[in-house]
Amino acid sequence: MRNGTSLLLLAAIALAGAACLTAMGGTAKAAALEPTDSGAPSAIVMFPVGEKPNPKGAAMKPVVFNHLIHEKKIDNCETCHHTGDPVSCSTCHTVEGKAEGNYITLDRAMHATNIAKRAKGNTPVSCVSCHEQQTKERRECAGCHAIVTPKRDEAWCATCHNITPSMTPEQMQKGINGTLLPGDNEALAAETVLAQKTVEPVSPMLAPYKVVIDALADKYEPSNFTHRRHLTSLMERIKDDKLAQAFHNKPEILCATCHHRSPLSLTPPKCGSCHTKEIDKANPGRPNLMAAYHLQCMGCHKGMDVARPRDTDCTTCHKAAPKSAD
């Protein structure tokens, strides 16, 4: 009975605490999210916490970290909590940097790439380095990401630096001071997550079934590129991927690997609009048309570890032209 009484007391205390947080506007919205297996909050707001006693404002919006999604994808908590202590990142890494975090600023901790492997202990990963690792190692991502690098502009930053507009200046100030109540933090995070909408993919039926590449037909017959088949395959591979859904926030983005360096569009210009048959003397760094085709096709196949067609077998993609009777 003692154990039973203790359990009842613990349950009563937990319910009372939950009621208090709900009364303060804390966990009501957060409860709408699926709970994590670890017991950590399903989502939290990561504020740019600084060392200054009363900082004013911040250069960037806070980041809402969806702990639930990441927990499902990562086997070991120490992948992110590399010290083994599951505390907030800003405990050691602040805007200015502090001794506890080897003076590595919050910005570096979240965005650093090419992190050197530690001789002992866990090698830290940043948000950006982990995402980049995923796009390089997973076949469904590597095909495109092996040949293009996303432009790191304001739109790229806003994928993560995005929070509900209902957050007040007072809450922002408390957040960067490190004094925002956990319940209020989780409520803001949940509201942001619940407001996110998945971008509807473009229908493959809008794309050409085949594209005849004949601009360079000479020794070989025109190449019949199975455009819709390639597009459908790519879409099928990433349709349920949360990382792709987050960064492919416009349906045309999937087209932008091949149809690069032009405005996002479902009707992009032809490759020959920019790439000429001969090297353009005014733009010597721009590949000619034949090089552009082969860099794209072979680069994607290599990134996805596609065994066929082989780079050395020209007739797999375009048959040899019949020899003239002469």
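A Cβ is built for glycine as well, from the same backbone N, Cα and C atoms used for every other residue.
The record from Swiss-Prot ties Cys157, Cys160, His161 to heme 5, and of the options His111, His145 it ties His111 to that site too. Site annotation for heme 8 in Swiss-Prot covers Cys297, Cys300, His301, and the matching candidate from His227, His230, His248, His259 is His230.
The candidate list His67, His70, His81 contains one residue that Swiss-Prot assigns to the heme 3 site with Cys127, Cys130, His131, namely His70. For the binding-site residues His93, His131, His259, the greatest number of Cβ atoms within 10 Å around a candidate Cβ is found at His93.
Cβ atoms within 8 Å of the centroid of the Cβ atoms of His82, Cys89, Cys92, His93 (the heme 2 site) belong to the same-chain residues His81, Thr83, Ser90, Thr91, Gly101, Ile104, Ala109, Pro124, site residues excluded. Under the DSSP three-state reduction, Cys317 (heme 9 binding site) is assigned to coil, being neither helix nor strand. Counted within 10 Å of its Cβ, the other Cβ atoms near Cys271 (heme 7 binding site) come to 17, all protein chains included.
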